[in-house]
Ligand SMILES: O=C(O)C1=C[C@@H](OP(=O)(O)O)[C@@H](O)[C@H](O)C1
Ligand SMILES: C=C(OP(=O)(O)O)C(=O)O
């Protein structure tokens with residue numbers, strides 16, 4: 001769904017809150033939800049999914065897989081059934097695929113299409129149309145696919161799949177799970193063995209799920225931590241039953257809100273804690289955040305726990321750049337936590353944040369400054385001097401921060417509003433529905 005034309009902007013002011021208390025459950029993990037539908041659509045037979053995130057990004061993936069021949073049906077809240085067409089049997093869609101705001105849908109589906117004998121045109125909203133696709137065009141071209149992209153390798157673009165595609169060995173030049181996954185998905189319908197070399201580990205849901213669906217995939221970790229992922233092509237995927245764990249990237253907003261608002265104590269149930277995703281909790285604990293894991297268990301092949309979070313006095317830290325991939329989507333809300341900590345937080349090595357739904361370094365530097373925080377923007381990160389626990393001043397009535405069609409900026413600044421003296425105005429909360437449709441309801445339930 002595209003926000004730029006479909007409905008008018010929805011501004012909202014987020015006011016200071018009293019203690020946040022209670023138990024909540026956040027929606028299913030967005031990365032795992034996308035992959036459940038894509039892999040289900042390639043398996044022959046019925047894949048059953050519970051806990052699927054019904055956000056706009058995942059609905060874009062569902063619509064695209066339907067357009068390419070799969071049956072993708074909602075049978076209840078978060079409960080979906082997918083009947084796949086089989087690897088190699090995707091159909092040419094009748095028209096362009098609208099990817100809305102979703103980078104994951106676009107890049108992973110470009111990979112799938114690249115090794116099928118079809119031609120597909122991809123479009124997206126104003127935010128997605130600014131994001132770089134060259135990073136997937138390069139390896140997929142080596143595999144034999146051809147592309148007609150807009151200037152700078154951007155959407156709208158056309159992919160012409162290769163049949164047969166050519167297996168490659170590719171060393172990732174950027175730490176990106178989307179690029180890795182695009183190549184692995186293309187490899188499913190490519191004869192021979194395709195190898196992706198990952199010098200810096202990124203989220204490994206594709207590897208876990210491809211193995212779960214029966215693909216022949218191996219991961220070797222070298223002495224320096226480099227991961228070498230090899231997958232055999234012309235795979236036959238078997239349908240699965242998948243229970244999607246709660247999204248740690250969505251839980252992040254409530255973790256930080258509970259840490260910042262005095263008197264808060266919140267339990268967030270069923271949060272995915274895959275080590276390639278759990279960086280935020282580690283950094284917040286280093287800052288002095290009181291976050292306990294209750295009832296640690298496994299859901300859908302992923303580690304999960306209930307998180308108990310209590311208001312805490314946070315201290316600034318130098319964030320180790322090596323942890324960035326394990327919390328890449330959580331930096332905007334970490335910056336909010338840092339703005340109320342005691343002392344200075346330095347976050348660096350974050351060039352990738354400039355090519356997300358917005359330039360998240362500039363967007364957060366500008367927004368937090370408007371809310372009264374002390375921020376220095378650097379080329380690859382931010383330096384934030386915290387208030388020492390005092391609320392942010394907030395903003396005058398009628399003033400609004402710009403979210404640039406970026407859900408994570410909107411939700412991060414909502415949290416800043418709760419932890420402010422006079423509230424924070426957000427210019428547009430529509431994008432929140434891309435990843436977290438019931439964010440406002442859960443916030444209201446905790447604020448009593
Ligand atoms: O593979 C995925 O599901 C994702 C990978 C990350 O993107 P990059 O691969 O661009 O880092 C992340 O930011 C995005 O929200 C989801
Ligand atoms: C970067 C994100 O998503 P995507 O790349 O799928 O648009 C995100 O959800 O923060």
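Yeah, the Cβs are placed from backbone N, Cα and C, and that goes for glycine too.
Unlike curated records, TrEMBL annotations are generated automatically.
Predicted, not measured: the structure shown is a model, and the values here were computed from it.
Quick look at what TrEMBL lists:
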- 1-21: region 'Disordered' (REGION)
- 18-442: domain 'Enolpyruvate transferase' (DOMAIN)
- 30, 31, 35, 176, 178, 329, 356: 3-phosphoshikimate binding site (BINDING)
- 30, 103, 131, 178, 360, 408: phosphoenolpyruvate binding site (BINDING)
- 329: active site, proton acceptor (ACT_SITE)
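Distribution of TrEMBL features across the structure.
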residue: 30; record: 3-phosphoshikimate binding site; DSSP (3 states): helix
residue: 35; record: 3-phosphoshikimate binding site; DSSP (3 states): helix
residue: 103; record: phosphoenolpyruvate binding site; DSSP (3 states): helix
residue: 131; record: phosphoenolpyruvate binding site; DSSP (3 states): coil
residue: 176; record: 3-phosphoshikimate binding site; DSSP (3 states): coil
residue: 329; record: 3-phosphoshikimate binding site; DSSP (3 states): helix
residue: 356; record: 3-phosphoshikimate binding site; DSSP (3 states): coil
residue: 408; record: phosphoenolpyruvate binding site; DSSP (3 states): helix
For the binding-site residues 30, 131, 356, 360, 408, the one whose C-beta sees the most other C-beta atoms within 10 angstroms: 408
Whole-number Å value for how far residue 178 (3-phosphoshikimate binding site) lies from residue 103 (phosphoenolpyruvate binding site) (Cα to Cα): 8
Cα distance (Å, whole number) from residue 360 (phosphoenolpyruvate binding site) to residue 178 (3-phosphoshikimate binding site): 18
Averaged pLDDT, computed only over the residues in the domain 'Enolpyruvate transferase' (18-442): 98
Between residue 31 (3-phosphoshikimate binding site) and residue 360 (phosphoenolpyruvate binding site), the C-alpha gap once rounded to whole angstrom: 19
Greatest inter-residue Cα distance in Å for the 3-phosphoshikimate-binding set 30, 31, 35, 176, 178, 329, 356: 19
Site with most surrounding Cβ atoms, counting all protein chains shown within 10 Å, from the binding-site residues 31, 176, 178: 31
Nonlocal residues around residue 329 (3-phosphoshikimate binding site), in sequence order (Cβ under 8 Å, 6 or more apart): 249, 252, 356, 408
Sequence-ordered binding-site residues from 31, 103, 131, 176, 408 with Cβ under 6 Å of an atom of ligand 2: 103, 408
Length of the line joining the Cα atoms of residue 176 (3-phosphoshikimate binding site) and residue 360 (phosphoenolpyruvate binding site), in Å: 16
In sequence order, those binding-site residues of 31, 35, 131, 176, 329 whose CB lies under 6 Å from ligand 1: 31, 176, 329
Proximal but sequence-remote residues of the same chain as residue 35 (3-phosphoshikimate binding site) (Cβ under 8 Å, at least 6 apart): 108, 181, 205, 206, 209
